[in-house]
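Peer 1: Feature list, courtesy of TrEMBL:
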type	residues	note
BINDING	His66, Asp104, His312, Glu316	divalent metal cation binding site
Amino acid sequence: MNLRELVSALNDFASPALAESWDNVGLLVEPSPPHTVNTLFLTNDLTEEVMEEAVQKKADLVLSYHPPIFRPLKRVTWKTWKERLVVRALENRIGIYSPHTAYDAIPHGVNNWLTKGLGACTSVPLHPSTAPSSPAEGTHRVEFCADAEHLDAVLSKIKDIPEISCLTTLPARVEGEEQTRVSLNCSQKALLEVVALLSQNRHLHHKTEILLLQKPLLPHTGMGRLCTLSEPVSLSDIIERIKGHLQLPHVRVAVGAGRTLESPVKKAALCAGSGSSVLKGTEADLYLTGEMSHHDVLDAVANGISVILCEHSNTERGFLSELRDALAIHLQNKINIIVSEKDRDPLQVA
């Protein structure tokens with residue numbers, strides 16, 4: 001499969017536009033074209049050990065959930081491990097693609113997989129995603145009516161204002177008079193100039209309507225999940241379920257104030273990876289994530305919310321097997337897809 005064709009298919013599976021604004025997603029390293037992909041190699045973290053595994057297994061493209069290139073590289077040498085990843089990738093004609101938070105947001109992504117560790121439940125995103133694109137341009141729509149005497153002069157001045165789009169005029173009848181209905185979209189900055197212009201004419205200003213344009217929310221899409229269990233389950237039972245789902249012998253637990261290991265859990269808020277910013281302020285019986293700061297854990301416990309921490313990538317890595325099967329279907333079994341055997345969380349209990 002041609003690399004560009006494959007990247008297009010991967011972007012269709014999870015649009016990079018769904019990723020957080022601070023993230024670095026998509027194709028990060030591209031061998032010189034044309035580049036054919038016969039083997040797609042999946043990993044949660046692209047370490048040097050994992051890269052050597054990809055080379056040995058003759059991978060043509062590595063899909064690394066976490067972007068190995070996050071901050072800009074000023075040089076590509078043999079000095080640092082991330083630079084060496086790029087060198088090794090290009091030497092062996094291996095592309096690198098990263099979806100990261102785009103996979104967090106999609107309904108069939110990492111957070112949806114993590115909810116399965118709770119047992120039977122329904123879930124909704126904690127922070128719903130908005131449609132990446134929509135027909136409307138600008139942040140506001142301004143509508144007003146003008147008579148023939150003022151119309152041309154006002155339109156002439158409006159067209160000189162930057163960041164105006166979708167300017168339309170339609171005949172209208174207002175209070176028995178023939179007028180023209182003007183509609184335009186504009187940015188927040190342009191809105192101030194439009195309002196200042198219209199306020200110079202009392203009749204125009206009086207007939208002005210301003211609408212805030214918002215992109216529609218996408219169903220079942222967004223960061224984090226708030227899960228409502230079908231039946232309340234004790235915290236101790238939830239702990240065992242999570243350990244089984246993530247295949248972990250141990251997790252870290254903080255019991256909420258006034259609660260015990262036998263207290264029932266009905267609502268659980270979760271976020272794969274580092275979930276403090278996503279979970280903060282959510283009302284729930286339990287927070288489930290990979291890692292949180294000490295003080296965020298203290299805040300949750302003080303509010304009677306128990307916390308389960310599993311280490312960052314342990315809440316993500318298990319998704320790769322499910323991803324392999326989903327991508328095989330999405331790509332119509334056109335390429336070989338394998339999951340890294342060397343990829344693992346850097347932390348362990350000693």
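Quick reminder: no glycine exception, Cβ is built from N, Cα and C everywhere.
Heads up, TrEMBL stuff is auto-annotated, nobody curated it.
Give me the lay of the land around each of these features.
Peer 2: For Asp104 (divalent metal cation binding site), the Cβ neighbour count at a 10 Å cut-off comes to 30, with all displayed protein chains included.
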Peer 1: Are there residues of the same chain, six or more positions away from His66 (divalent metal cation binding site), whose CB falls under 8 angstroms from its CB, and which are they?
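Peer 2: Non-local contacts for His66 (divalent metal cation binding site): Asn44, Asp45, Leu46, Ser98, His100, Ser313.
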Peer 1: Tally every other Cβ atom lying within 10 Å of the Cβ atom of Glu316 (divalent metal cation binding site).
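Peer 2: I get 25 for this one.
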Peer 1: Applying the rule Cβ within 8 Å of the centroid of the Cβ atoms of His66, Asp104, His312, Glu316, what extra residues of the same chain belong around the divalent metal cation site?
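Peer 2: Apart from His66, Asp104, His312, Glu316, the close residues are Asn44, Tyr65, His100, Val110, Ala272, Gly273, Ser274, Gly290, Ser313, Thr315.
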Peer 1: Counting only residues 6+ away in sequence within the same chain, which have a CB under 8 Å from the CB of His312 (divalent metal cation binding site)?
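Peer 2: Residues satisfying the criterion: Gly273, Ser274, Gly290, Glu291, Asp345.
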